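Take this structure, written in structure tokens, and hold onto it; I'll ask about it next.
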Amino acid sequence: YEPDGSCSKYMIISLLGLLILCFFSPVYRASRNKSEKKRRDQFNVLIKELSSMLPGNTRKMDKTTVLEKVIGFLQKHNEVSAQTEISEIQQDWKPSFLSNEEFTQLMLEALDGFIIAVTTGGSIIYVSDSITPLLGHLPCDVLDQNLLNFLPEQEHSEIYKMLSSCMLMTDSASSDYLKTDNELEFYCHLLRGSLNPKEFPTYEYIKFVGNFRSYSNVPNSTCNGFDEAVPRAYRTSPGKQICFVATVRLATPQFLKEMCIVEEPLEEFTSRHSLEWKFLFLDHRAPPIIGYLPFEVLGTSGYDYYHIDDLELLARCHEHLMQFGKGKSCCYRFLTKGQQWIWLQTHYYITYHQWNSKPEFIVCTHMVVSYADVRVERRQEMGLEEVSSEVVSSALKVH
């Protein structure tokens, strides 16, 4: 040390030399290489685990590509999580054991309503299945159609103005508008669906309550021929991806609704009837479908549960059964215990006493039928082909 207490330059040089010797020594170099190899191996294992979680063929992906795909996934996941939190139903009035979808379905059934999403040009881009029991339309009938096709002509202009109202603003104003409580509420008449497209159109008075929301991949609407009926100022400008999401409710509640199965059902149950068509037996598969326990229907007539509009067709089918001993019924509506009409079709045959060959009772196998199948059958019986919504809408203009 120097007299003032500082290190001498010779000591500093000696320490530096010692450090250099240690750094280049074989023992130190081997230890350092071992640590780096361990770190690289751990990194490669993590990359391999990440690549195994990615979809598609990841064998040819390098480490950079794997990391880029993982980062992209995490970014999308964060966006979806944020949107889910925004749309999450409040727990103080939603039971914890129900998912959002289950709770929404229960609410729609209780409110006699359905959900619809419409572009500002009027094109329907989404509708829930609950439209079928309420208005008789299959979702596929109304998707990609214009809402105005299902409204009386005198309501076209006013409804289109309301749907296009947010498009009158600038881009920046429109962006701010979507962040506000931009609730829109209005009443109108909506066309009811029918098994017979030649019937005179009937309309249901309904209430729309919803908000405008931004949406990606919305198809550009041509308004399906209604451009001339609407002022140019209210037409949708291209590129605007905004839609109106609403809950639609019937102004007059329906106390008896059709339970319209949209998907292909696979449910069935059996029963036995007397020759007077009274229930003698009902198997265990029936209660989950029609709601009745066996003792609740035994001794009652099957005709007590049939829709009045189907009685004539069913009577013909039963006459055919009595003549030929077996057959298949038409599609008909059966009243469930929950006061809903469910569509069924029955295969039946008569059993005979083994000694005197007298008819004993009728064995029936009832199958749940989808509303789409019912419509096809009824229209074939009437000598009609399946009619698209466009044909129906053109027929409405004539009326």
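Counting starts with 1 at the first residue shown.
Any Cβ shown, glycine's included, is placed from N, Cα and C.
A TrEMBL annotation is a machine prediction, not a hand-curated record.
The transmembrane segment annotation in TrEMBL covers 12-30. The domain 'BHLH' feature in TrEMBL is assigned to 27-77. Residues or ranges marked as domain 'PAS' by TrEMBL: 100-170, 278-325.
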Just give the helix, strand and coil counts over the domain 'PAS' (278-325), going by DSSP.
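Tallying H, G and I as helix, E and B as strand, the rest coil: 29 helix, 7 strand, 12 coil.
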Need one number: mean pLDDT over the domain 'PAS' (100-170).
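The answer is 82, the mean pLDDT of the model over that range.
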Which numbers of helix, strand and coil residues does DSSP report for the domain 'BHLH' (27-77)?
42 helix, 0 strand, 9 coil
